[in-house]
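Structure first, commentary second.
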Amino acid sequence: MPVLGSQRRLLGSLNCTPPATLPLTLAPNRTGPQCLEVSIPDGLFLSLGLVSLVENVLVVAAIAKNRNLHSPMYYFICCLAMSDLLVSVSNVLETAVMLLLEAGVLATRAAVVQQLDNVIDVLICSSMVSSLCFLGAIAVDRYISIFYALRYHSVVTLPRAWRIIAAIWVASILTSVLSITYYNHTVVLLCLVGFFIAMLALMAVLYVHMLARACQHARGIARLQKRQRPIHQGFGLKGAATLTILLGVFFLCWGPFFLHLSLIVLCPQHPTCGCIFKNFNLFLALIICNAIVDPLIYAFRSQELRKTLQEVLQCSW
């Protein structure tokens, strides 16, 4: 696996290899004495990966076990868990191999290690793309269920959901292979950043519109019950808090990584940008944290899923 300065995490090639279409080079030692670098120990990476691995395996197992959860919405949540599971597996695998190599327990040729690193890079990149796609799919599914409630079951059918899921996985794998193969082209980085911005905008527009509709519905109920002010304010605050958490977690966990990719194109030699480049490991750790938080936001809030999860933990299959 490529060792580039202090950064030895997945997608390291995107971190320090400049785009070939522009004469860009990253200057590793021009960040100045006040540059803050957050060191992420391998043990922490391994711990985060294992926690995420256990969480998302439980989500997949619970949805697979309970037939009441075999619906398009839960299939999207299950696929999101599988995407996060790939992030966890890739992280655990890479960290374990790195620790074994550093300890001298595992001895292999550099070419083999490089091939393993390429495979892991494809896994992590495809999991990132698919995770973003399924987050968007969940938002669209919820939007349709609110604004087209009467037509929901005719619009979001199981065959259609399966086709969407298959298309997302195929597109994610192709995108990851192309991204890793042509990582040194500016257009690849810009496409990845543009994809993130598009998904962020899609989720923000849909969830804000859903919140506005929910508040409007709450006001209507309040007027009928002649208790407009207390109900509306309480519901609006709760909805705004939920929306802030949902979009805030998404932006905080994914934003720094895609900011990093943007700066590789915009200012690869600027000292300030160099400070940001030095924290690449931190940005990847935040993505793993997102894989831990996703089940808490999208899966474990379901009472039916929590009940099934208890049965899974008790091994009562």
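Residue numbers in this text run from 1 along the chain shown.
Including glycine, each Cβ sits where the backbone N, Cα and C put it.
Quick look at what Swiss-Prot lists:
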- 1-37: topological domain 'Extracellular' (TOPO_DOM)
- 38-63: transmembrane segment (TRANSMEM)
- 64-72: topological domain 'Cytoplasmic' (TOPO_DOM)
- 73-93: transmembrane segment (TRANSMEM)
- 94-118: topological domain 'Extracellular' (TOPO_DOM)
- 119-140: transmembrane segment (TRANSMEM)
- 141-163: topological domain 'Cytoplasmic' (TOPO_DOM)
- 164-183: transmembrane segment (TRANSMEM)
- 184-191: topological domain 'Extracellular' (TOPO_DOM)
- 192-211: transmembrane segment (TRANSMEM)
- 212-240: topological domain 'Cytoplasmic' (TOPO_DOM)
- 241-266: transmembrane segment (TRANSMEM)
- 267-279: topological domain 'Extracellular' (TOPO_DOM)
- 280-300: transmembrane segment (TRANSMEM)
- 301-317: topological domain 'Cytoplasmic' (TOPO_DOM)
- CYS315: S-palmitoyl cysteine (LIPID)
Task: For the transmembrane segment (38-63): best-contacting stretch of 73-93, 119-140, 164-183, 192-211, 280-300, by Cβ pairs under 8 Å - done: 73-93
Open item on the list: Ranking 73-93, 119-140, 192-211, 241-266, 280-300 by the number of C-beta pairs under 8 Å to the transmembrane segment (164-183), which range is first?
Closed with: 119-140
TODO: Return the stretch with the most CB pairs under 8 A relative to the transmembrane segment (119-140), choosing among 73-93, 192-211, 280-300.
DONE: 73-93
Open item on the list: Let me spell it out: take the topological domain 'Cytoplasmic' (301-317), skip the flanking residues so only those 6+ beyond its ends count, and list any with a Cβ under 8 Å from a Cβ in it.
Closed with: 58-59, 61-63, 65-66, 68-69, 74
